[in-house]
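Below: one structure, written as structure tokens.
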Ligand SMILES: Cc1cc2nc3c(=O)[nH]c(=O)nc-3n(C[C@H](O)[C@H](O)[C@H](O)COP(=O)(O)OP(=O)(O)OC[C@H]3O[C@@H](n4cnc5c(N)ncnc54)[C@H](O)[C@@H]3O)c2cc1C
């Protein structure tokens, strides 16, 4: 199939923050051959490329003078299955949540806590998506990538992906490797993680004391839908800031000043603080500057009420960062990828 390269394409429908910037060139690829051809086309013309999945983790702050490659590779394939595990290969262009639902319907567990995270399979390892105490790395066996430097495909084990909190090799060496597919190893006997974010309490209130993975998935969807705005209704890019990690000493001082501060002690003794709590306490919740705003119910989420630019969203974020630094001595790091 030949490539259809479009020019001057609005990216508004392709990013959940609904920022209206243009791509100089845009192409959808459905196969590895098309990907190679698109990369060669850009190389020949000395044009940079940008890899696009579902656009749910981006702040597009200017028109992109590049070839945007929209990854549309499709397919789900069960490689092997025994009494304990199923090994499933999923192509990068599949939708994350749809795959989670498919896996649960087959009787495979492990991904239930990651229900309703927007975006594509291919982007999931980039920031090692996580929610309710589970991360994609927990059930990922390997990733097939196209390495643009070596100009060949390569299979990376979970260890080789160098996963960390909202981080990976793919994020650190951004743009070098195109993720083509993932092999998941999914347990058939579920080990549920219910203690994070009080999922157990939510299920108990529903009278569910011995939940199935599907019941956990439904609970996660309900809790998330109540807390986070749906990008289809109100444009946003999920959590705008990472939860900051500070020393035990710093956390102790903050606790003395703010006894209700939300914090989690880490394995290494450092303390993770809830960024949303800090921003909320500082009075930013619901604050609006033109069409850029802090969500009225969730201080961690910045929203676009209509025509905010990426720059306006980033200006609001910078003011929040400066205020949090001044009040608490804490640096907030932006979570989505800024394309500026
Ligand atoms: C309402 C909402 C809730 C969210 N909740 C969570 C959450 O609970 N936990 C969480 O971790 N995240 C969350 N996110 C963030 C987001 O959903 C994830 O980061 C998701 O994995 C992004 O997928 P995407 O396909 O939209 O990626 P995009 O936004 O299209 O791309 C993100 C980055 O990955 C790169 N990329 C995309 N595809 C590939 C590929 N195939 N190969 C190599 N690089 C690629 C892009 O170049 C870009 O740098 C949320 C977002 C929203 C809007």
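A Cβ is built for glycine as well, from the same backbone N, Cα and C atoms used for every other residue.
Some features that TrEMBL has for this protein:
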type     : residues : note
ACT_SITE : 166      : active site
ACT_SITE : 239      : active site, proton donor
ACT_SITE : 335      : active site
DOMAIN   : 18-189   : domain 'FAD-binding PCMH-type'
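Locations of recorded TrEMBL features on the structure.
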residue : record                    : DSSP class
166     : active site               : coil
239     : active site, proton donor : strand
335     : active site               : coil
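Here the Cα atom of the residue listed as 'active site, proton donor' is found 7 Å from that of residue 335 (active site). A simple way to gauge crowding: the CB of residue 166 (active site) has 18 other CB atoms within 10 angstroms, across all the protein chains here. A sphere of 10 angstroms centred on the C-beta of residue 335 (active site) encloses 18 other C-beta atoms. In this structure, the CA atom of residue 166 (active site) is 8 Å away from the CA atom of residue 335 (active site). Of all Cβ atoms in the protein chains displayed, 20 besides its own lie within 10 Å of the Cβ of residue 239 (active site, proton donor).
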